[in-house]
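Student: Heads up, here are the entries from TrEMBL:
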- 137-271: domain 'Palmitoyltransferase DHHC' (DOMAIN)
- 315-386: region 'Disordered' (REGION)
- 37-55: transmembrane segment (TRANSMEM)
- 67-84: transmembrane segment (TRANSMEM)
- 183-208: transmembrane segment (TRANSMEM)
- 228-250: transmembrane segment (TRANSMEM)
Amino acid sequence: MSVMVARKKVVRKWEKLPGRNTFCCDGRIMMARQKGIFYLTLFLILGTCALFFAFECRYLAVQLSPAIPVFAAVLFLFAMATLLRTSFSDPGVIPRALPDEAAFIEMEIEATNGTVPQGQRPPPRIKNFQINNQIVKLKYCYTCKIFRPPRASHCSICDNCVERFDHHCPWVGNCVGKRNYRYFYLFILSLSLLTIYIFTFNIVYVALKSLKIGFLNTLKETPGTYPSMSLTVLTVLEVLICFFTLWSVVGLTGFHTFLVALNQTTNEDIKGSWTGKNRVQNPYSHGNIVKNCCEVLCGPLPPSVLDRRGILQQEESTAQEGSCPQGPGTQEAPATQGPGQAQEGHSVLSLQVPALSVSDTKMPEEKQRTPGELLVPSPDAGRVEH
């Protein structure tokens, strides 16, 4: 007989999440789909630091101090750690509403706004929320079917609503929001220090070499044995990369330092939420730079609400053939399926039971009893036929 054995296939929730994100390592890593510029960021950082450690650091460690490559390595590792933490983490994505929740919200909106006549534009879907005696509007997201929390916004690139949305940064390959903003700020801060550090000691290296053999001879120097192992052409290349990177990274760090001091996001600054015509004060600011910095950079980090590695179970069935002895009265019942029966992909266990034939066995006839009548044995019962 054939037996259908059911197996459970484990499906994680990240495989069914909507939006335009990519996941790796069984949902542990979450990034945007557009990761080309992120790879360029890695190439620039790794390439510049590799040239610095391979050429200048050895010479500077001997001529000046062995602490120079050590401090550079610390800055490099810290910058890489914060970059990967920013790029691979959940920025604070808000789950979309379930069908029942979306239907309930639609009923609430219709009950509040009433029936809108045809040809008229429906009123905006907003809710007023009070924070620190300040009215804040909660806007409705037509994609996620939710009223977004305060300071949240929908990212058009990742197609998700992000809590305390700051901006989408292609250089890190992810959105910057409530759960990874502090790591983003620490990344650009450490990268600024690393860029200034490499830029400064590259100039010091060229100056020291020029004092010994002259500037033109330094530029013409070719790789050889130590201590003339440095290739000055690559040093000049590093100086150029650091020079052009310095303005953008240091400027970006200064801008975000200003935002952290005010407890404000890039999205709010661009839209002019607190500095526009209404001159509305920022309800999230504590009025103190130290308190604002402590809240943004040192406050409690909320957990992810996506539950990316949660389990969704689906069953799969596999058929196993086995031989079973059958009696003379055993017959195989044809397998038929109705509309309400199990379909392919579900487990079905079929057993064959021998059918009893009424004609093969003579059953004693019994007198039909009425309800309440006692069964009286026949007087012939118990006699033995001689």
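One is the number of the first residue shown, and numbering goes on along the chain from there.
Yeah, the Cβs are placed from backbone N, Cα and C, and that goes for glycine too.
Quick one: where do these features end up spatially?
Tutor: Here the transmembrane segment (67-84) has long-range neighbours at 41-42, 45, 49, 52-53, 57-58, 60-61, 172, 183-184, 186-187, 190-191, 193-194, 197-198, 201, meaning same-chain residues at least 6 beyond its ends whose C-beta is under 8 angstroms from one of its own.
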Student: Over the span of the domain 'Palmitoyltransferase DHHC' (137-271), how high is the average pLDDT in this prediction?
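Tutor: For the domain 'Palmitoyltransferase DHHC' (137-271), the model's average pLDDT rounds to 84.
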